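As written in Swiss-Prot, here are the features:
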REGION    1-84  region 'Disordered'
REPEAT    352-398  repeat 'Kelch 1'
REPEAT    447-493  repeat 'Kelch 3'
REPEAT    542-587  repeat 'Kelch 5'
REGION    643-679  region 'Disordered'
COMPBIAS  645-679  compositional bias 'Low complexity'
Amino acid sequence: MGDLPGGGGGAAGGAGAAGGGGGGGNGAAGSSSSGGGASGSGGGGPGSSGLPTTNGLGVAGTAGPNVDRPPSPARLSHTSEKHPKVTLTELNMLRRHRELCDVVLNVGGRKIFAHRVILSACSSYFCAMFTGELEESRQTEVTIRDIDENAMELLIDFCYTAHIIVEESNVQTLLPAACLLQLVEIQDICCEFLKRQLDPTNCLGIRAFADTHSCRELLRIADKFTQHNFQEVMESEEFLLLPVSQLVDIICSDELNVRSEEQVFNAVMSWLKYNVAERRQHLAQVLQHVRLPLLSPKFLVGTVGSDLLVRSDEACRDLVDEAKNYLLLPQERPLMQGPRTRPRKPTRRGEVLFAVGGWCSGDAIASVERFDPQTNDWKMVAPMSKRRCGVGVAVLNDLLYAVGGHDGQSYLNSIERYDPQTNQWSCDVAPTTSCRTSVGVAVLDGFLYAVGGQDGVQCLNHVERYDPKDNKWGKVAPMTTRRLGVAVAVLGGYLYAIGGSDGQCPLNTVERYDPRQNKWVAVNPMSTRRKHLGCAVFNNYIYAVGGRDDCMELSSAERYNPLTNTWSPIVAMTSRRSGVGLAVVNGQLYAVGGFDGSAYLKTIEVYDPETNQWRLCGCMNYRRLGGGVGVMRAPQTENYMWCDNNSSNNNNNNYNLKHQQQQPQQQQQQQQQQTQQQL
């Protein structure tokens, strides 16, 4: 399997059988389990069973000395899958019939009968209440305030049935109740439901709700949604009703998705004029977060500077003067840099991640699934025509390429290409000159490179590249080292080959290819030997995570700084992952699948460079080892962001995001002349 890590083994054991006979006189007893026998003289007397005594010597009716013997290897272990469900069902029936209940919860005007042990096992809140020194621990009736009685009944039902239905009519009472009772699973379900309901008319309300109940992940998603869809959000009634603090939180974001800063100013003025009498006192506080120096001179003078509310406020006039100075004095701009002069950089929208092929349940697979980080959903797309483990995956010209791999029986040189617009794979791509599995694939200067791998006979150092215009592969300079399970990355116009195995042992060496000189040159090695690692470029660093060294699968990670030619460690992932995929989607770094030394993984985790932490953030539909990952823009023909195909509210929630383009920057001389004319 291309030296992909794998695991599994079996053990078999046997048990001997013993038999004995007994009777009067000189009856004999024998046993045979491994070629041995025993006979006894003076057999069993009347009433003797003829069975071996507890000394295990196989002599009927004979009392022997106490001898420690290992237990018989013949045994049957059983774990019931039905038992938990049956037990819960019976406990719920007892509750319904008010049998053996030892506590009554008074919630609102309703009495809810229950068993303390069940509530304590499910809820940390109840566990603290009933097992501590609180007065409620000795009461048979407990009053619980500040919670909706219908929500409480649903949550108690969940404790007994493991089933709950979250819907629009109950989510706003269920989530606070689940927070109070510390039912984390229900909190997560409620937040997931609300994420799927996000649209421009309700995202601000959901954001405030998440903030109130400390649902950090929902708050983050609602913030991202608001930023991505600000042009629609600013037209909603919720936006006009925002308190000033929340308005400031939104417009100060670098990731606000607007065509120009004019939209931000217009949004602020719409909010202000919705209630001028109460809000005009906040104008300067809000306007300082509008990046006035980035406005066009015409708009700054003709619209902002001439607005009566702006002109009547001294602090606002100062902000306008600051912007004029910035536009009039380009030579002084380096000294005038600050939050208001920093261009907004909205996250690239509509990126989705594809997980392609891999190894699952003892065989190579052809399945492909797509991950949308904004909805945290994995959805199956069209499978490849061949099963491929150890496949190389890259995106070229908005098409996803799957290169080589192993189909479970043979090594492949065939290639398939996926078009997200049609959700179809085509096989009309020219094959590589060599069969390759555990191959590294990347795109550089419009060419698709296939690096290293193995062909079933040997580990390869061959490198070839594909020209999509001619549909041909051509060889380039080989690497200095043979590498299978190699990771590749493109940074600064170079192609890096990182780690892998030379067929004998894992490598920590790194080399990079210069296409201008058609030459590979070694750079500083990693601190750890790694094969079947994950690799991606993130914030101008090359990240290398997981893989396997000489002994075990790895969770450790490190990153390469090309400016200093050094590797430095970062925090380890939450799981060991060999055969892991690594990719950057919408400005976040994701580690996908792999093998932890005992099981194939379908979990994914995301890295936060600010906190230097990884966190689990979902699961694929399939466990995948040695699959490839690729990132693409979602197709424009599909309602791809913030929608759930299974949602009953599809018609309300599905809409296309419009791709916005930054206006091209004027040449400095032209801009200066125009600025002087207009100011």
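Each residue, glycine too, has its Cβ placed from N, Cα and C.
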The repeat 'Kelch 3' (447-493), counted residue by residue under DSSP: helix, strand, coil: 0 helix, 23 strand, 24 coil
Helix, strand and coil totals (DSSP H, G, I; E, B; other) for the repeat 'Kelch 5' (542-587): 0 helix, 22 strand, 24 coil
Counts of helix, strand and coil residues, the repeat 'Kelch 1' (352-398), according to DSSP: 0 helix, 25 strand, 22 coil
Taken over the repeat 'Kelch 1' (352-398), the model's mean pLDDT: 92
